[in-house]
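What Swiss-Prot annotates here:
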| type | residues | note |
| --- | --- | --- |
| ACT_SITE | Lys22 | active site |
| ACT_SITE | Asp152 | active site |
| BINDING | Pro110, Val111, Ala112, Gly113, Gly114, Met115, Ala116, Gly117, Gly118, Ser119, Ala120 | ATP binding site |
| REGION | 306-325 | region 'Disordered' |
Amino acid sequence: MPGSPDPAPPELASVTARAPAKVNLLLQVGPRRDDGYHDLVTVFQAVSLHEEVTVTPADEFGITVEGVGGTDVGGVPLDGTNLALRAARLLAERAGVDRAVHVHVRKEVPVAGGMAGGSADAAAALVACDSLWRLRLGLDALAELGAELGSDVPFGLHGRTAVGTGRGEHLVPVLTGASSAWVFVLAEGGLSTPAVFAECDRRREATGHDAPPGRLEAVEAALRGGDVDALGAALSNDLQDAACALDPALAGTVAAGRRAGAVAGIVSGSGPTVALLARSPAAARRLALDLEPLFGAERLRTATGPAPGARVLEAVSTPSPGGRS
């Protein structure tokens, strides 16, 4: 009736959100700081491999995890250290929400693969809980919370392509003139991010060499111009030598990708996933097929970038007393 207030929205029975994996097109690692962290300059690109998180009201916080497309989730924690669960709890605490949720994660991104799957879980959990509890905090506020959970969480929320500085949490969007096509080769085991950074520090101390000069301008120019050859030439990762020292098979994986026709290959982040740049999505599919005899189909993923950041896929309302949802 005219003048009546809008009815209260129905309570939500569940919310499902997803967030993308990332590849580092550039990763410059500064000297180790007194607090143990390193100043980074990186170019993130979100890619079309996703983590999907569903949150439902519960009496207490809990989490379950399943793998999608052959992703091994055996190493994913199911306790209070899980990033998605930590994200839900942190948002409830900061927003003054006195309700708990059960978090269910469907993982497509390799675990401990240098593609920020755990950070994507946290980003999706923040977006899902924000929707479930009708907080409407906005991405910037969620990203500020996300930075407390991990350096890659803010990028998981924003997605696309961005330059990251600090520990990677300060983001500036980068315009891209074309999409990128990738083949990701999964390793048979994971690599510890702290161990890779420590090996990078050790190698620099042993050789007396500091961080090499960066290629940020070259990467940005290649992205703006949509030039796949220039992008391939500009790909750079200061952690690659350290990752290859800890897992010598990685160098062979990069070389195999180049021999099979990849424009370029790079260890993704701290590894051990190897990212192979292709000329097009069709070329990426052919490259993956050519690499199957070497690595097996279960260790190969194709994807494109840039992909959007975390977003809600589905919000299910609680049925009304009359039976309608």
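Cβ atoms are placed via backbone N, Cα and C, with glycine included.
This view paints the features noted in Swiss-Prot onto the structure.
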| residue | record | Cβ within 10 Å |
| --- | --- | --- |
| Lys22 | active site | 32 |
| Pro110 | ATP binding site | 24 |
| Ala112 | ATP binding site | 20 |
| Gly114 | ATP binding site | 29 |
| Ala116 | ATP binding site | 30 |
| Gly118 | ATP binding site | 26 |
| Ala120 | ATP binding site | 35 |
| Asp152 | active site | 28 |
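DSSP classifies Gly114 (ATP binding site) as coil under the three-state reduction. Secondary structure at Lys22 (active site), as computed by DSSP, is strand.
DSSP assigns Asp152 (active site) to coil in the three-state reduction, outside any helix or strand.
Distances between the Cα of Lys22 (active site) and those of the recorded positions Ala112, Ala116, Gly118, Asp152 are shortest for Ala116. Reported as a whole number, the C-alpha separation between Ala112 (ATP binding site) and Asp152 (active site) equals 13 Å.
Apart from Pro110, Val111, Ala112, Gly113, Gly114, Met115, Ala116, Gly117, Gly118, Ser119, Ala120, the residues listed for ATP, the same chain places the Cβ atoms of Ala21, Val109, Thr273 within 8 Å of the centroid of those Cβ atoms.
For the pair formed by Pro110 (ATP binding site) and Asp152 (active site), distance between Cα atoms is given as 15 Å, rounded to the nearest Å.
Of the recorded residues, Gly114 (ATP binding site) and Asp152 (active site) place their C-alpha atoms 11 Å from one another. Cα to Cα, Ala116 (ATP binding site) and Asp152 (active site) are separated by 7 Å.
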